[in-house]
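Read the structure below first, then the notes.
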């Protein structure tokens, strides 16, 4: 049987696999904000990125290792392909963290070996022990993944796993890379690994899965029953294609059905000991932060964190809930951090009151960031009678999107009505040469006119593919959250902003999307799965020695 830590370890890969969602690219400050919140949430491991991808990715992982890596905090992990260049870059990036891990991988399915790696099984059997041993010479905590394990020949898979453990791997990850398996198949795969790998008792079994068939969470729960003790997941289930296994769904399934799962941990069914170390009351805030910063809107009927997750429309259901919530609710909304708390902050509230409330909400801002947040708070308070926690969340989350901005919006002025053509006047500052230009455009509506004017000024070709707006809170003076997604060269970039004026919010969101596009094209990143190992050269290391 594999090594059993006595509970489930939560491995969060929002900043690595989650960021690979189309349009979900994050800047350094955004990644730091999410990493800090993941630490508050209580995840065991943060996979901070793929350091070899680009100098920007290396810097982000290194900064997270410095700022978030603590003795009593999460393990900071980086991803590396099974090559010395990748592994060395990963080690250098995570080295500042007291608790660090190198996560290296290679594909084991025949379809990947033939068409992607152009390698034989014999090649893989040589590469795995050599690269795991090299990683082990740098750090003690090594995770090894057999990419596309669920479509690999079982006997070959067992052989690869045995070699990886013998070379020093302490965690063996079994990915369902394309979301192919069903729960019973995935559970049997984990059980068979436990039976057929002689040294599996020296490593923790981890699972990683995608949601292409909508089965990722179900697969993971079946894996837990068969001995998996680390779950690799993302906030809101974001990730490539249909996404990854959802952290909040997994955690709350284990929380709500603890009496069922306790027996698989050799506990009494009524044992009160939690199955994870997650602080569930941080779930909603974490979900909103990730949604705001990535621009990936959470569907209303999403389990646990969707807007309708605790809503009841049916009169029969409403009557039952009013009499006893347990009639139709299996989770207390407060357990995941939802509350009806409305604070009495307004235009007369001072800096200390705002700081105190932000600290209560878990935000630890520097003096400079607090000054910026307070200025935004006062501006909003002049336009809105009451400031709620959701308003403060919107202020803080938008604030961390500002760094690395080539363009800054200076002026938005719109004229529209049923008897006139919508016209927008926009002034845009180019921070690279400190020049400001103004353009006027006509559109089919005020937002279209704003986007046309911004395109004239920015001169960054793109296609607008999504515009959405939703209310942050109730009331006619509520903040409107706007998400805009643009496309260029088959890549998608998101922008997000909130304002009491949705046209101003749309303008800011569009500028944010343009800034992401420009910044992303400067990064010139490589993809951990799609780019060949031949890209793993020492050139990167020489440029990032410091």
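Just so you know, the numbers here start at 1 and follow the chain as drawn.
Every residue, even glycine, has its Cβ placed from backbone N, Cα and C.
Binding site for Mn(2+) per Swiss-Prot: 17, 208, 210, plus 244 from the candidate set 62, 188, 236, 244. Under the DSSP three-state reduction, residue 17 (Mn(2+) binding site) is assigned to coil, being neither helix nor strand. For the domain 'Pyruvate carboxyltransferase' (8-271), the model's average pLDDT works out to 96. For the binding-site residues 208, 210, the ranking by surrounding Cβ atoms (within 10 Å, all protein chains) places 208 first.
In this view, residue 244 (Mn(2+) binding site) is surrounded by 29 other Cβ atoms within 10 Å of its Cβ, with every protein chain counted. All protein chains considered, the CB of residue 17 (Mn(2+) binding site) has 26 other CB atoms within 10 Å. With helix defined as DSSP H, G or I and strand as E or B, the region 'Regulatory domain' (408-546) counts 43 helix, 56 strand, 40 coil.
In sequence order, 13, 175, 177, 209, 216, 232, 233, 234, 239, 240, 243, 245 are the same-chain residues whose CB sits within 8 A of the CB centroid of 17, 208, 210, 244, the residues recorded for Mn(2+) being left out.
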